[in-house]
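Please read the structure below before turning to the comments.
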Amino acid sequence: MVAVAILAAGRGTRMKSDLPKVLHQLGSCTLVKRVIKSCVSIQPSKIMVIVGYRGGLVQKSLLDNNNNIDNDNTPTLEFVEQTEQLGTGHAIQQLLPYLKDFSEELLVLNGDVPLLRPETIKQLIDTHQQNKNSATILTANLPNPKGYGRIFCNTNNFVTQIVEERDCTAAQTKNHRVNAGVYCFNWPALANILPKLKADNDQQEYYLTDVVPLLDPVMAVDVNDYQEIFGINNRKHLAKAHEILQVRVKDDWMEAGVTLIDPDSITIDDTVLLQQDVIVEPQTHIRGSSIIGSGSRIGPGSLIENSHIGKNTSVLYSVISDSMVADNTRIGPYAHLRGDSQVGSHCRIGNFVELKKATVGDRSNAAHLSYLGDATLGEKVNIGAGTITANYDGVKKHKTKIGDRSKTGSNSVLVAPVTLGEDVTVAAGSVVTKNVEDDSLVIGRARQAVKKGWRLKQSDESKKEENKSSP
């Protein structure tokens with residue numbers, strides 16, 4: 001079995017933020033949560049998160065969101081405090097009391113390196129176990145290794161030397177193989193060495209790399225894609241990581257049969273599920289746990305968040321969050337669905353229509369300029385332009401129910417709580433405050449009055465007033 005330690009104690013001063021660096025978002029997840037998700041597939045015996053700066057906040061964030069990681073394979077997270085941030089070696093020293101009787105492998109990951117693939121982690125562990133190494137280091141060949149220490153190996157990939165860049169000779173700087181900061185250790189071997197670490201450097205810190213010369217054998221494993229080891233130190237790095245992740249996600253979906261009209265203007269979280277023959281138009285963003293059914297067309301200019309869109313449905317210039325839309329339905333342009341709204345099949349939710357906690361039955365339409373809040377609509381209901389469900393009385397929300405095949409005229413107001421039966425017609429401009437039985441016509445407006453010749457009379461009165469005021 002493998003235990004995992006995640007280094008997450010640093011503040012990240014270059015982020016210019018009060019928020020710990022590992023809690024900054026990359027897509028749908030924080031940096032540290034991404035790291036945790038990357039190692040779940042190896043089924044670790046325990047995951048220990050080493051916290052420091054605002055450690056309570058890091059702990060709360062991860063515990064609040066643990067249900068979104070993988071309950072089946074993720075052990076309960078453990079938190080180890082590093083009260084002083086004295087280097088990576090010092091951080092791992094804090095594990096000594098927690099792993100007294102542990103005799104297997106320890107995988108060390110960085111909480112600010114969020115792009116590692118699970119396959120890479122598995123390759124590192126497999127190599128370590130197959131060769132019975134004391135330590136195995138993940139390495140990468142960078143096109144521009146400036147700022148990185150270099151790793152030197154023999155022909156069998158056993159590490160012979162780690163040289164910091166400032167100590168490299170001109171010949172050594174030509175080696176582009178660098179330390180990714182990801183390790184697999186034999187824990188008993190490492191535990192014997194950790195107390196011997198010294199802070200003999202300018203920073204007065206304990207470096208984990210200093211254990212390498214004291215262990216044998218130590219092997220290096222190259223990552224296939226060097227971008228996986230990209231670390232986050234500032235906001236520019238965060239933006240770059242987002243770019244890398246988006247390219248990865250969108251390439252995967254295009255290979256799986258999804259059409260992206262303008263990939264550079266589209267963002268898709270890696271938690272999203274798209275079925276074959278989905279078309280995503282420009283300036284569209286699909287986030288969270290959203291699912292898009294086959295044959296649907298999303299966008300342009302739309303945001304879908306934590307929502308399920310059925311098959312052969314179109315969404316145009318609209319925002320849908322925490323809602324569900326069934327098959328063969330048209331949404332938009334400029335519609336807003338939120339708050340666990342549910343729209344049936346063969347429906348139309350059109351221009352400037354807002355749904356909040358609304359359920360719309362199959363083959364129902366709300367085509368123009370309506371607000372339907374806390375409302376339940378049956379099948380084949382037609383909502384006239386400008387219809388409003390007045391659901392809030394200043395204290396609490398109330399529900400509106402509209403039966404099958406009912407329809408409202410333009411500019412109607414349904415004052416909740418109110419129920420309209422089946423096959424009800426609401427006359428245009430009505431204000432409905434009481435329940436209406438099936439098969440009824442309801443008219444709730446003032447009777448039209450026509451005063452013939454009114455303008456002429458008004459004109460005569462105006463002339464008389466003008467004459468009075470004349471000198």
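Including glycine, each Cβ sits where the backbone N, Cα and C put it.
Owing to the predicted nature of the structure, the values given are computational and were not obtained by experimental measurement.
Swiss-Prot has this to say about the protein:
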| type | residues | note |
| --- | --- | --- |
| REGION | 1-235 | region 'Pyrophosphorylase' |
| BINDING | 7-10, Lys21, Gln82, 87-88, Gly149, Glu164, Asn179, Asn233, Arg338, Lys356, Tyr371, Asn382 | UDP-N-acetyl-alpha-D-glucosamine binding site |
| BINDING | Asp112, Asn233 | Mg(2+) binding site |
| REGION | 236-256 | region 'Linker' |
| REGION | 257-471 | region 'N-acetyltransferase' |
| ACT_SITE | His368 | active site, proton acceptor |
| BINDING | Ala385, Asn391, Tyr392, Ser410, Ala428, Arg445 | acetyl-CoA binding site |
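Mapped onto this structure are the features recorded in Swiss-Prot.
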residue	record	DSSP class
Leu7	UDP-N-acetyl-alpha-D-glucosamine binding site	strand
Gly149	UDP-N-acetyl-alpha-D-glucosamine binding site	coil
Asn233	Mg(2+) binding site	coil
Arg338	UDP-N-acetyl-alpha-D-glucosamine binding site	strand
Tyr371	UDP-N-acetyl-alpha-D-glucosamine binding site	strand
Ala385	acetyl-CoA binding site	coil
Tyr392	acetyl-CoA binding site	strand
Ser410	acetyl-CoA binding site	coil
Arg445	acetyl-CoA binding site	coil
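For the pair Asn233 (Mg(2+) binding site) and Lys21 (UDP-N-acetyl-alpha-D-glucosamine binding site), the Cα-Cα distance reads 8 Å. Mean per-residue pLDDT, taken over the region 'N-acetyltransferase' (257-471), amounts to 95. It is 17 Å from the Cα atom of Arg338 (UDP-N-acetyl-alpha-D-glucosamine binding site) to that of Tyr392 (acetyl-CoA binding site). Within 10 Å of its Cβ, the residue among the binding-site residues Gly87, Gly149 with the fewest other Cβ atoms is Gly149. When secondary structure is read from DSSP and collapsed to three states, Asp112 (Mg(2+) binding site) falls in the coil class.
Ranking the binding-site residues Lys21, Arg338, Arg445 by how many other Cβ atoms lie within 10 angstroms of each Cβ puts Arg445 at the bottom. Under the three-state DSSP scheme, Lys21 (UDP-N-acetyl-alpha-D-glucosamine binding site) falls in the helix class. Spanning the residues Ala385, Asn391, Tyr392, Ser410, Ala428, Arg445 that the record associates with binding acetyl-CoA, the maximal Cα-Cα distance equals 22 Å.
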